[in-house]
Amino acid sequence: MSRDVVSRVVDHLPKPFVKIRRQKYEDLDEATQPPADTAARTESVEFEAFPPEGDGGDPGAPKEDTFTVEQAVDAIGFGKFQIKLSLLTGLAWMSDAMEMMILSILGPALHCDWDLEDWEKALITTIVFVGMMVSSGLWGTICDKYGRRMELILSSVFTFYYGLVSSFSPVYVWMLILRGLVGFGIGGAPQSVTLYAEFLPSASRAKCVVLIEIFWAIGTCFEVLLALIVMPNLGWRWLLGFSALPLLIFTLACVWLPESARFDMARGRSDKALATLQRIAKDNNKPMPLGKLVHSGPSSVDPTQIKAKRGRLKDLFTPEMRVTTFMLWIIWFANAFSYYGIVLLTTELFESGETCHVSGKLDAPSCSLECKVLTTKDYVDLLWTTLAEFPGLILTVFIIDPLGRKKTMGFEFLVFSLFTFLICTCPTRGLLIFFIFVARAFISGAFQACYVYTPEVYPTTTRAIGLGTCSAMARIGAIVTPFVAQVLLRTSVYLTASIYGGVCIAAAIASFLLPIETKGREMKESHVDTTVDVLPPVVH
């Protein structure tokens with residue numbers, strides 16, 4: 001066979017399916033070689049069939065090993081990297097908890113210092129949640145378009161600055177403006193959970209996300225202890241200033257914080273995602289999976305389309321996700337409405353000094369010059385009810401995997417409702433503290449179970465905006481709750497407690513009706529993956 005014949009044969013074969021290996025022999029004069037040496041003089045050509053990337057091809061042919069971010073994170077496991085990330089994320093969560101807990105302390109203090117009406121005191125709390133609601137979707141969009149790390153740094157700097165400046169507020173109006181800006185910054189805080197969850201192996205994700213909320217409980221307890229020390233001696237201005245400092249520490253520590261590998265893959269930067277995964281493997285002293293890092297979606301999905309379709313609000317309302325989105329909005333509304341409501345309700349009941357009235361009302365001061373401030377005993381009792389968050393979180397850790405996310409949330413909402421209704425039974429001070437303790441334990445547990453479920457149910461391309469819109473609904477609940485816990489309470493203790501109990505019964509029903517259970521389910525990379533996972537198989 002001559003060289004020209006070989007070339008023509010090769011040219012007519014399908015290019016993607018052919019490898020050519022040539023062994024070159026000395027080109028001898030055909031006329032001087034005997035016929036027996038013909039094979040030695042010809043060019044040896046070997047053809048090997050192999051499939052192009054993404055196609056089936058010959059099952060017997062060798063295939064290139066591949067792995068996804070999810071598989072890499074699972075293979076590397078939980079280790080030194082995740083421990084450091086837990087501490088950093090916990091610091092952010094603790095800082096924001098302090099800024100939120102201070103609302104229940106600031107209201108009674110300004111009520112006396114500036115002679116505020118009940119509605120004016122409630123408006124200080126409401127304006128913070130208005131800022132959070134306005135900004136939640138914006139921070140979610142920034143997170144999905146520009147990265148989790150960038151969003152966290154921006155929101156933390158913003159919150160720290162206006163938290164510190166608010167301590168210098170000269171009058172009530174300036175306090176409203178500056179605390180509203182603090183709320184605008186805090187609206188980005190939930191995205192720390194988005195980043196944290198994306199670095200966790202699936203086997204330990206639920207427990208870790210719940211346990212990270214212990215830092216929220218630490219933040220609330222630390223704020224009460226700080227108030228116990230600062231308020232009697234220095235006053236509320238110093239308390240506001242000291243409460244902003246942990247956010248500055250978190251911002252400086254973000255120099256270490258890496259970008260989410262899932263986010264980098266979603267935007268088409270597989271090189272950066274791989275570098276991040278290699279960094280995690282090195283920190284954990286574990287080997288990387290063999291092969292090439294690939295997107296986890298179906299082979300028919302165009303990666304360039306995935307890259308372009310990030311942070312789109314309409315993807316939350318696809319046929320597969322719209323029911324989940326609406327149910328989650330109800331759940332998040334009820335969570336924030338009830339959690340912040342029980343916090344504010346506690347200080348209001350302690351400030352009144354009474355636990356039950358025949359009329360169901362809380363009495364106003366007998367003299368217009370009299371103003372009841374929180375005493376050292378009130379701060380100690382407030383600390384006891386705040387400590388309830390720890391057993392609530394621990395219980396959630398133990399039941400969230402056996403029961404599943406949906407049943408855990410539903411169960412905890414129902415228990416909260418029961419103990420909130422018990423406040424209507426005219427309890428003694430000790431029983432009141434116990435009822436509030438149990439109610440707060442279970443509503444904090446339900447809140448954290450919700451933080452586990454939401455990042456798991458949304459894909460990477462819409463995870464941050466999904467969490468952001470849910471957070472916005474939570475802010476609506478938090479906006480309304482001061483007028484129930486601080487204003488309506490003065491009219492009827494019974495009606496106030498019944499509203500909180502009723503809202504959480506509705507949230508329990510919504511939890512049980514969620515169409516997707518995320519226990520044991522991989523975190524999806526795009527809305528296409530979610531579609532494949534959620535839709536039932538077609539029966540031919």
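Cβ from N, Cα, C; glycine included.
According to TrEMBL, the protein has these features:
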| type | residues | note |
| --- | --- | --- |
| DOMAIN | 85-519 | domain 'Major facilitator superfamily (MFS) profile' |
| REGION | 24-43 | region 'Disordered' |
| TRANSMEM | 87-110 | transmembrane segment |
| TRANSMEM | 122-140 | transmembrane segment |
| TRANSMEM | 152-171 | transmembrane segment |
| TRANSMEM | 177-197 | transmembrane segment |
| TRANSMEM | 209-230 | transmembrane segment |
| TRANSMEM | 236-257 | transmembrane segment |
| TRANSMEM | 323-342 | transmembrane segment |
| TRANSMEM | 382-401 | transmembrane segment |
| TRANSMEM | 413-438 | transmembrane segment |
| TRANSMEM | 493-514 | transmembrane segment |
Other parts of the chain folded back onto the transmembrane segment (413-438), taken as Cβ under 8 Å at six or more residues beyond its ends: 334, 338, 342, 345-346, 349, 355-356, 381, 384-385, 387-388, 446, 493-494, 497-498, 500-502, 504-505, 507-508, 511
Tertiary contacts of the transmembrane segment (122-140), as residues 6+ beyond its ends and Cβ separation under 8 Å: 100, 103, 106-107, 110, 151, 155, 175-176, 179-188, 190-191, 311, 313, 336, 340, 344, 464-469, 471-472, 475-476, 478-479, 481-483, 485-487
Contacting positions for the transmembrane segment (382-401) when only residues 6+ beyond its ends and CB under 8 Å are counted: 101, 104, 206-207, 210-211, 213-214, 216-217, 220-221, 224-225, 228, 346-347, 350, 374, 408, 411-412, 433, 436-438, 440-446, 448-449, 452, 519
Mean of the pLDDT scores, which run from 0 to 100, over the domain 'Major facilitator superfamily (MFS) profile' (85-519): 82
Segment-segment contact (the transmembrane segment (177-197); the transmembrane segment (323-342)) at 3 or more Cβ pairs under 8 Å: no
Long-range environment of the transmembrane segment (236-257) - Cβ separation under 8 angstroms, sequence gap at least 6: 84-85, 88, 91-92, 94-96, 98-99, 102, 105-106, 109-110, 113, 149, 152-153, 156-157, 159-160, 163-164, 166-168, 195, 219, 223, 226-227, 230
